[in-house]
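K.L.:
Just dropping this structure here.
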Amino acid sequence: MAGQMSKFRRPEQLDLLPYIAKWLALAGLVALLAGSASALFLLSLDHATQWRETHPWVIWLLPVAGFAVGLAYHLIGKPVDAGNNLIIDEIHDPKKIVPLRMVPMVLIGTVVSHLFGASVGREGTAVQMGGALADQLTHVFRLRREDRRVILMAGISAGFASVFGTPLAGALFGLEVLAIGRMRYDALFPCVVAAIVADQVGQAWGVVHTHYVIGEVVPVQLWSVMAVVAAGIVFGLTGLLFATATHKLGAFVKRLITYSPLRPFAGGLLIAVAVWALGSNHYIDVDKYIGLGIPSIVQSFQMPMAPWDWLGKMVFTVVSLGTGFKGGEVTPLFYIGATLGNALAPLLHLPFGMLAGIGFVAVFAGAANTPLATIVMAMELFGPEIAPLAAIACIASYLVSGHTGIYHAQRVGHSKHHRPLPEEIRLSDIKQFHAQSESASERKVTLAGEEK
């Protein structure tokens, strides 16, 4: 009898139905919230950018705007000041619900930063809004610890997908950004649903994403592969430089200026003076280095550009983010990668549009440690033809950038290289770990010498 019953055991696929129904509903709700928030943000950003471009004198108010944003965070925003790192930390080690105030504060702070001329991006804002809004559902539905982790990841995916119009890359980003070398497949279905629906919600609100055309893509041959590997190494080192410079400047400014609202005030003053000083230079169009810089990114696919444009954007972005202006790192990284690829193309005998497109994603891959998301992003933005060469560059960039990144809270799930690192160590703790290891090695050598 028992043998007969085993023959009629319920198929395990039926057990998926409650799971699918649950996460279709939850991820769909996350997507509705995150997609709507991203739409409001992007439409506001468009208006802010248009107004700033027609009123160039407003750059002189950037220090005042920076002080205002810094003061708001100083008075009521300290619990959410960590931004993306707070979301990542809560996924790894859930403690308390992300405060809802993160949403209006980062939205207004980023729009104000763009309105007055800071060089910041938009991904960080969308991810923070998506994560914070998703986490409010933890209260509403009394989600368990593991479900809370998954819904936060879905919020990240929804925010990323809706702000860039790349649903598949957004889904992978939410899975991949948490830890180097490891992904959580238990969140794959919710992240994919949230990303796809959030992108559609944004479009339903009237959001139109930039369309990029890269032109000719060379065939995959030995010479093109070698050239792209070389470019990928440069892209990875550039991502490393960006992340390191931003973190080091931020730490230096915190030591130098103890009152936090004065940090973006000082940064805004420095940027305004630099724009004024360089504005009379006939060789440098400094206006390209403030704001998002989307027109320059589009131009990098169409014609040769000044070989120093990537460096100019990096300097203005590092100063903006390092002194406390709100916004993301990713769009500036797109700009840096695209213009650097444009500059490298003649040296490597590759079409500048193609290498600009590869640089667009590869610098981001190295700086964020998300090679899979960026490979898929290349296909979503530029077409499938670029996939093989983009994959080579993104992987090279990811490996060369080492265990650094723009997200301090990112963990090491699996080391990139053979040099051992403790599992789950935060990127911000690696330097201290190496210092302790070297100190322990020196003590061993000293003790061995004394014993002899």
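Every residue, even glycine, has its Cβ placed from backbone N, Cα and C.
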K.L.:
For the feature transmembrane segment as recorded in Swiss-Prot, pick the matching range from 131-153, 315-337.
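P.N.:
Within the set 131-153, 315-337, Swiss-Prot attaches transmembrane segment to 315-337.
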K.L.:
What residues elsewhere in the chain lie close to the transmembrane segment (315-337), defined as a C-beta under 8 angstroms and at least 6 residues from its ends?
P.N.:
66, 69-70, 73, 83, 106, 109-110, 112-114, 118-127, 164, 235, 238-239, 242, 245-250, 252-253, 260, 263-264, 266-268, 270-271, 274, 289-290, 292-294, 296-297, 356, 359-364, 367-368, 406
K.L.:
Which stretch, 57-77, 188-208, 344-364, tops the Cβ pairs under 8 Å count with the transmembrane segment (160-180)?
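P.N.:
The stretch with the most close Cβ contacts to the transmembrane segment (160-180) is 188-208.
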K.L.:
Who are the long-range neighbours of the transmembrane segment (188-208) in its own chain, taking Cβ under 8 Å and residues 6 or more past its ends?
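P.N.:
Long-range Cβ neighbours of the transmembrane segment (188-208): 19-20, 23-24, 26-28, 30-32, 34-36, 38-40, 42-43, 130, 150-151, 153-163, 165-168, 170-172, 174-175.
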K.L.:
Mark yes when the transmembrane segment (97-117) and the transmembrane segment (23-43) have three or more Cβ pairs under 8 Å (sequence separation 6 or more) and no when they do not.
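P.N.:
These two segments touch.
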